[in-house]
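First up is the structure itself, then whatever we jot down about it.
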């Protein structure tokens, strides 16, 4: 039985992680975010009520769960306060159940200004970031000039550090990007107004999680974005700025990697991507329109329309390698209802005739690839809300089985709708 479970995306994000984390946290004591920031968008539907979380772990909707934002997350005080408000208005005691690492880098207004100025400057070569300051905040962290949650304990020292780093960034904004500088006084006043709320939630995350492990408490690590957006292993440079893969758990939370027991990879029954970058199986036809409309494929964070395409087993095999996936959760199976035939990409062929069984990493390597497809019959039956395998048509069962064969990993969970109850659990990650 696994006590410590990782839930992460195996495609380009938006796979439906939030719902699955919420479902499985019925059995967990802790839910931990370990990377990313408020560029994530985790949508939960409980008894018909929709909640979108960007920064706070999805376990916050479970009364028995402690939620932790680990050191690998870049934290925007403004975004956190904005997210806490509606939850607290619903009677959820966020400040009693949410805890922060003092090592979380802060996202401040100058990071957002830089992010947006850079995207404008890139023009047609824009990465397609959310414009929320994620990348610049991670840059500051690596450059060792970033301000962290722990710096807020000494407000005078924080003010001096802020002045220094803002002089650096405002110089870039004014003289390189021809953009307006950010007001030091306004940033300082805003952060100081939030400082006491943030510092009151600080704990020693590594110690807390290790104590929980020793007690036998069940811990869930909630990934954001997806494997193919990983800063190192994704379609570089069209990637996010953090390690979205399983290897990011230990670095982003301080939890020992040897203690991770089960890694659940979330994958849609088809593929989507937001923003620029390679997307080999993308569909610009009626099928792509069907997937986008029926799947309501609009970003939870940006509202941007998602690009849609067939399931890519080649990319999925890469995700299996990187993450050592224990089992898959296949989401949005119901979106495939009504398609006469369904295709799965099983290989990429290069210009020199070589067949690739796993996807390349750099974006340039995707140019001029020929895709190898396998066609399967679709189904007309309605799978929405199915709760047992017996309720699925044979063609859907065959599709699930073929994905298992192509990836070498079992599909342990199938999601057939947005509500936590619209789920088929073949094997529970916690072994229950």
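Each residue's number is its place along the chain shown, starting with 1.
Glycine residues also receive a Cβ, built from the backbone N, Cα and C atoms like all the rest.
Database features, via Swiss-Prot:
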type	residues	note
BINDING	13-19, 41-43, 306, 332-334, 415-417	GTP binding site
BINDING	14, 41	Mg(2+) binding site
BINDING	14, 15, 16, 17, 39, 40, 41, 42, 130, 144, 225, 240, 304	IMP binding site
ACT_SITE	14	active site, proton acceptor
ACT_SITE	42	active site, proton donor
BINDING	300, 301, 302, 303, 304, 305, 306	substrate binding site
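Taking the features listed in Swiss-Prot, we show where each one sits on the structure.
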{"residue": "13", "record": "GTP binding site", "Cβ within 10 Å": "29"}
{"residue": "14", "record": "Mg(2+) binding site", "Cβ within 10 Å": "29"}
{"residue": "39", "record": "IMP binding site", "Cβ within 10 Å": "29"}
{"residue": "43", "record": "GTP binding site", "Cβ within 10 Å": "18"}
{"residue": "130", "record": "IMP binding site", "Cβ within 10 Å": "24"}
{"residue": "225", "record": "IMP binding site", "Cβ within 10 Å": "30"}
{"residue": "304", "record": "IMP binding site", "Cβ within 10 Å": "13"}
{"residue": "305", "record": "substrate binding site", "Cβ within 10 Å": "12"}
{"residue": "306", "record": "substrate binding site", "Cβ within 10 Å": "20"}
{"residue": "333", "record": "GTP binding site", "Cβ within 10 Å": "23"}
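Over all protein chains present, the Cβ of residue 16 (GTP binding site) has 19 other Cβ atoms lying within 10 Å. Its Cβ taken as reference, residue 42 (active site, proton donor) is surrounded by 25 other Cβ atoms within 10 Å in the chains shown. Considering only the binding-site residues 13, 14, 333, residue 225 (IMP binding site) has 13 as its nearest partner by CA-CA distance. Counting only the Cα atoms, the space from residue 333 (GTP binding site) to residue 14 (Mg(2+) binding site) is about 14 angstrom. DSSP assigns residue 130 (IMP binding site) to coil in the three-state reduction, placing it in neither a helix nor a strand. Annotation: 41 carries the greatest number of neighbouring Cβ atoms among the binding-site residues 41, 303 [cut-off 10 Å, Cβ to Cβ]. Looking only at the binding-site residues 13, 14, 19, 303, the one with its C-alpha closest to residue 130 (IMP binding site) is 303. Using a 10 Å Cα-Cα cut-off around residue 39 (IMP binding site), the binding-site residues 14, 16, 19, 303, 305, 416 reduce to an empty set. Around residue 19 (GTP binding site), the same-chain residues at least 6 positions away in sequence with a Cβ under 8 Å from its Cβ are 43, 44, 45, 331, 415, 418, 419, 420. In this structure, residue 43 (GTP binding site) is part of a beta strand by DSSP.
Cα-Cα distance from residue 416 (GTP binding site) to residue 14 (Mg(2+) binding site): 15 Å (rounded to the nearest whole number).
The full span of the recorded IMP binding residues, 14, 15, 16, 17, 39, 40, 41, 42, 130, 144, 225, 240, 304, taken as their largest Cα to Cα distance, is 34 Å. Straight-line distance linking the Cα atoms of the residue listed as 'active site, proton donor' and residue 13 (GTP binding site), rounded to a whole number, equals 10 Å. The closest partner of residue 14 (Mg(2+) binding site) among the binding-site residues, by CA position, is 306; the full candidate set was 303, 305, 306. Counting every protein chain shown, the number of other Cβ atoms lying within 10 Å of the Cβ of residue 416 (GTP binding site) is 26.
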